[in-house]
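S.K.: Have a look at the structure that comes next, please.
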Amino acid sequence: MQLSFSRPRPWTLLLMVVSNLLLWENVSSGNLNSNETDGDLLLHRGLFDTATRLSQDIRDLDIEFLRMYAVNEVSEKLYNKHMLEFIEDMDFVVKALTCCHNYSIKTPENLDEAQQIPFNDFPWLILSRMWGWNETSKNLLTILRSIPGMHDDVISLAQAIERKLAELFEYTQSILTLIFGPTENVDRSIFSGLEDLKASDEELRFFALCKFSYCLRVDLQTIELYFKLLQCAVNVNSNVCLSINSEDSS
């Protein structure tokens, strides 16, 4: 079976923020160094590029992980039922997303809301998500290893996701420390529902994996967007800013 997941394009209006980035509250009073050298900008760019590539790699692994689980652990009838619900039934998707660990971390829905975000809140917004998924991936791997007969390829992909999330978390901390300094008081909530993987009901098990996969992909896309916005704040004239504006106008 081939996994058919529509790629979400959430929060399009948030992209409009880039053209008004310097109008944000607290931007001018943030910890950014206005006298950064070319070397500093290259360092930032390298870290952002690596972090974004890692995030994209994780999303690719996530797709393959769910596909491998579906092929080896789920009946074709149940698979088709859930895929149709995720693709066609928005109420079902909303129900799934309200179960994500970070649903309380509100993402702006329009330009007015985005302009109200204090610039120095970005470390908390990003690290809260990253910490949650870093810990959740460890829990997922522990649970999968405890399930008798779990396919080796499923466990191997879960290991790869866990390793890359840990690496992405380290790069994210480095980026945010360079720009803002140390970040404290991160929201340490994790994804809920993984215990359903141990349930005897096949549908509960598969839904738990679908929910994990979908929420992880949405959060990683959000983090990638925040990386772009931060990169523009560090270097307003970067190609990233131009690409975001082009994406918004398309």
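Each residue's number is its place along the chain shown, starting with 1.
Quick reminder: no glycine exception, Cβ is built from N, Cα and C everywhere.
So Swiss-Prot has the following annotated:
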SIGNAL    1-29  signal peptide
CARBOHYD  N26  N-linked glycosylation site
CARBOHYD  N35  N-linked glycosylation site
DISULFID  C100-C215  disulfide bond
CARBOHYD  N102  N-linked glycosylation site
CARBOHYD  N134  N-linked glycosylation site
DISULFID  C232-C241  disulfide bond
S.K.: In Å, rounded, how far does the Cα of C215 (disulfide bond) sit from the Cα of N134 (N-linked glycosylation site)?
M.R.: 13
S.K.: Would you mind reading off the Cα separation of C232 (disulfide bond) from N134 (N-linked glycosylation site), to the nearest angstrom?
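M.R.: Distance (Cα to Cα, whole Å): 26 Å.
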S.K.: Quick one: pull the CA-CA distance for N134 (N-linked glycosylation site) versus C100 (disulfide bond), whole Å only.
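M.R.: The separation of the Cα atoms works out to 14 Å.
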S.K.: Specify the secondary structure state of C100 (disulfide bond) as given by DSSP, simplified to three classes.
M.R.: coil
S.K.: Would you count the other C-beta atoms found within 10 angstroms of the C-beta of C215 (disulfide bond) for me?
M.R.: 22
S.K.: Are there any residues at least 6 positions away along the chain from C100 (disulfide bond) with a Cβ closer than 8 Å to its Cβ? List them or say none.
M.R.: F191, K211, C215, V218, D219
